[in-house]
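*Asks:* Below you'll find the structure I mean.
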């Protein structure tokens, strides 16, 4: 029995036959030339020549050059292509509009293929990255400048692929000199690559979701099937250029009738924005547009039409602030009404005086289609003798109604965007602009069935004919409420009192009795009657001047301005401006189906792409570097470590129990770098671990190899290697 330097006893191999060898099926020990333990190569290097040098005659031995191995590039390229293609495809599909086509189901198939490939990539991430790193690790170990740059323990850590083993970092943290004994720059790089590869896809999934898009029907050639409707739309410039004074008068009469009608404050098809119910009109989020609020332009996006919204404000005035020269100023709107009753009812006497200081021959609208804002002001002065003995509340006085109107263009809903666009400041794109300057994302073909919606032809007026200017919304409302033939005008000559109908017989008496029961202007828009009076106009005056009812009055006037704008536009279009000066809007009708596609934000795309690049680029570089390197072994695997162990020898690494590897000192003493220990004139070179010294491996030299790994080479005589 012998002892090693570290005190571990070494025994000679027994010469007794094993039980399975006694039957003669195996060779006897006498067939072996040497039954003793062989000393290490280091101990015999100077005394014993290599086997092929012991021959006195030339012998055929196996040798091989250090070749490149491009095999690692194939799975790497396939993996990278699948990862990039699936991610790019998902992002491209996320950019598809809410309305699209799917000719021959290309989008559906692409989405399914991207999902399948992404699943394969997720599953294959760790195996592929580990294979790449193992292949590159062999080149890393071989290309060390010094023979002792890496210790055997460090090489074993790489061979164990510890970049996917978290316990190796536990050893580094808790064992003495753990990072020095186990760690290496390649191990850290491989670990970072694996961590990035593992976390990339869960993080990408946080930004990925599914959504439903509408698929337009297409024919066999990929063209969208649809039917078209063409609508004529009036613009402000149209309405100013072509003076239709009869339609202005008709608009005033229409508004006057609607302000005393029941149910007008319900749903309005031309009311856009936050509501389509007139009673809920909000001046900042609601507006008038000529076309119905449920229209969509279909496959033709980016079509614009005018929109108008008005906001009314009521401000108190002193009597002195009422324009004193209104009745004498030409082209200003002025009205004065007096209501006188029997002496016994003289406390119901009242006077209404209104003034709109705006030249009727000058329109507040500008003759263009850009955004424009203008203000109209109506002054009202109501005086009378009425008062309540039990209340200090006053009902009469002067006030002004200010209406701010905003006009501009907005984008109509389409298949591309189902919501109405915001107010535009410019009129560069109006009407069917989208039809001619913005082609849809899909091919379109006009259906043979096209219906045109237009009014009757109406030629331009003669230049010699003098016509009133296009009034604003508040001007229209003011003339409707207080103009000739209005409710307060007619009430000057009507007998209101239910207690004084004996002089009115027949139809006149019946009408006098029914008149207080009829709706007064704006009463159905929020001016709820508060007093049980027999005088209709007096009750209306009380409602109009009641400060506590100011909010309802403002809401009613906002609704009235909407109806005035609607009447002006409807009257102009119904008068039938010809195609030569009306704007056309195209609306297409299609039947759609749904398709599931991914949803991915721009932020998610950036984050996911950065993570993808952070591990794919280093992995691809490692694979290319490994494939381009001439190495003595293709990968750092178990067979590589078996050969290194054989080079160390049983003297240093005997076959013993060794569960606590961190206490085996020889793993830290022996280098793990493979070197060239051949002589300068040797044609067939020899490998050895770095403890032998030597030089880095030569890429073009031939080295001793196992049988079947390369061709044969006849060596030089033995004396040539001494």
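From the backbone N, Cα and C atoms, a Cβ is placed for every residue, glycine too.
Unlike curated entries, TrEMBL annotations are predicted automatically.
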*Asks:* Looking at 442-465, 466-489, 490-513, which stretch does TrEMBL describe as region 'Disordered'?
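*Replies:* From TrEMBL, the annotated region 'Disordered' range turns out to be 442-465.
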*Asks:* When TrEMBL marks a stretch as transmembrane segment, which of 581-604, 605-628, 629-652, 653-676 is it?
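*Replies:* Spelled out, TrEMBL records transmembrane segment over residues 605-628, not the other listed ranges.
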*Asks:* Looking at 51-69, 70-88, 89-107, which one does TrEMBL call transmembrane segment?
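*Replies:* In TrEMBL, the transmembrane segment feature sits at 70-88.
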*Asks:* If TrEMBL is the reference, give me the range from 116-141, 142-167 marked as transmembrane segment.
*Replies:* 116-141
*Asks:* May I ask for the residues of the chain that lie six or more residues beyond the transmembrane segment (185-203) and have a Cβ under 8 Å from a Cβ within it?
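*Replies:* Same-chain residues near the transmembrane segment (185-203) but 6 or more away: 118, 121-122, 125-126, 129-130, 133, 136-137, 140, 154, 157-158, 162-164, 168, 607-608, 611-612, 614-615, 618-619, 622.
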*Asks:* How about long-range neighbours of the transmembrane segment (70-88): same chain, 6 or more residues beyond its ends, C-beta under 8 Å?
*Replies:* 113-115, 117-118, 120-121, 124, 128, 131-132, 135, 204, 608-609, 612, 616, 619-620, 623-624, 626-627, 634
